[in-house]
Amino acid sequence: MIFIDACFKKPTPYTPIWMMRQAGRYLPEYMEVRKQAGDFLSLCKDYKKASEVSLQPIDILDVDAAIIFSDILVVPLEMGMNLRFEKGEGPVFDNPISTLEDLEKLDDQNAHKKLNYVYDALKLTREKLSQNKALIGFCGSPWTIATYMIEGSGSKNYAKCKKMLYQNPELLHKILNKLTQVLKLYLEEQIKAGANAIQIFDSWASALEYDKFFEFSFNYMLEISNFIKSKYPNIPVILFPKGISGYLDRIDGNFDVFGVDWSTPLDLARDKLSHKYTLQGNMEPCRLYDKNAIKEGVGKILKTMQNKAHIFNLGHGILPDIPVENAKYFIKLVQESSAK
């Protein structure tokens with residue numbers, strides 16, 4: 001698998017490519033299946049439909065890896081938190097966590113056993129996927145998941161989380177530790193179900209100041225990665241902490257690929273990290289609105305990463321109103337332009 005080879009810094013015939021949120025709303029085929037499912041969470045829980053939408057970008061765009069269709073918040077959902085998705089405001093937890101008693105009500109022993117719909121989707125997708133295409137499993141970072149559990153929804157300033165971080169850091173560490181133990185088991189089950197690689201999304205990394213990022217986020221991601229790498233050395237682990245270009249000097253640990261978001265200069269990440277890790281990223285998603293912008297962006301990134309281990313991706317998820325034709329053009333351009 002070209003994607004897996006690139007993760008391990010092995011030579012590849014061209015630069016492999018996939019896109020975050022590639023199974024998503026820009027595809028009419030996805031919208032059709034989502035309509036049949038009824039709503040987003042029902043689609044996540046219907047393993048046949050989740051598998052179908054995971055495979056769509058492979059069939060339509062010929063990307064080099066599929067990522068399983070799911071959501072990072074199915075983990076706290078199965079730990080016992082009441083999750084719903086509100087139109088216009090995204091995920092909502094009706095009973096956010098603010099005390100140790102709230103945390104102790106959550107089931108960390110059986111949560112990973114209740115996520116069979118994710119494992120079934122992985123099994124089915126791996127069966128249907130051609131042998132040269134990789135299947136990526138994923139989870140959110142403990143910090144990013146915790147922000148939703150504590151805030152009760154998305155947040156602009158993470159005031160409740162940060163209040164806890166500075167007033168009651170022990171409680172926040174307990175929440176993060178509980179999540180970390182569940183996520184280890186969850187990812188292990190994903191690997192057993194057929195995931196060839198794992199990505200940990202730390203979408204809200206940039207909410208933390210320098211030293212707090214390493215204490216409350218990065219160290220927990222490394223604990224998960226160390227667990228996976230000790231048991232499954234052939235499974236690459238990708239870390240994607242978004243928006244931390246100022247923190248790259250302290251990035252170190254046992255993982256394989258570092259995801260670079262579009263706000264981080266790729267040459268900076270290359271100079272600081274490419275001797276240790278394959279880099280993934282980092283085209284500005286809005287370039288996909290225009291073919292000239294795509295061409296310019298692709299050329300720039302391929303030049304920056306020449307002779308370095310690289311997986312092409314966007315620097316964040318593809319947007320819902322990107323024309324499919326432009327997405328196809330982007331994928332093909334990367335594969336053809338980077339051919340050795």
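Keep in mind that glycine also has a Cβ here, set from the backbone N, Cα and C atoms.
Features as listed in Swiss-Prot:
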- Arg21, Gln22, Ala23, Gly24, Arg25, Asp71, Tyr148, Ser203, His316: substrate binding site (BINDING)
- Asp71: site 'Transition state stabilizer' (SITE)
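Structure coloured by features recorded in Swiss-Prot.
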residue	record	DSSP class
Arg21	substrate binding site	coil
Asp71	site 'Transition state stabilizer'	coil
Tyr148	substrate binding site	helix
His316	substrate binding site	coil
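Long-range C-beta contacts of Arg21 (substrate binding site), restricted to its own chain and to partners at least six residues apart, with a cutoff below 8 Å, comprise Gly317, Ile318. For the recorded positions shown (Arg25, Asp71, Tyr148), fewest C-beta neighbours within 10 angstroms: Arg25. The number of other CB atoms found within 10 A of the CB of His316 (substrate binding site), across every protein chain shown, is 23.
Here substrate is bound by Arg21, Gln22, Ala23, Gly24, Arg25, Asp71, Tyr148, Ser203, His316 per the record. The longest Cα to Cα distance in that group is 23 Å. If you compare Cα positions, Asp71 (site 'Transition state stabilizer') sits closest to Ala23 out of the binding-site residues Ala23, Arg25, His316.
Residues within less than 8 Å, Cβ to Cβ, of Ala23 (substrate binding site) and separated from it by at least 6 positions along the same chain comprise Tyr30, Val53, Ser54, Gln56, Pro57, Ala66, Ile67, Phe69.
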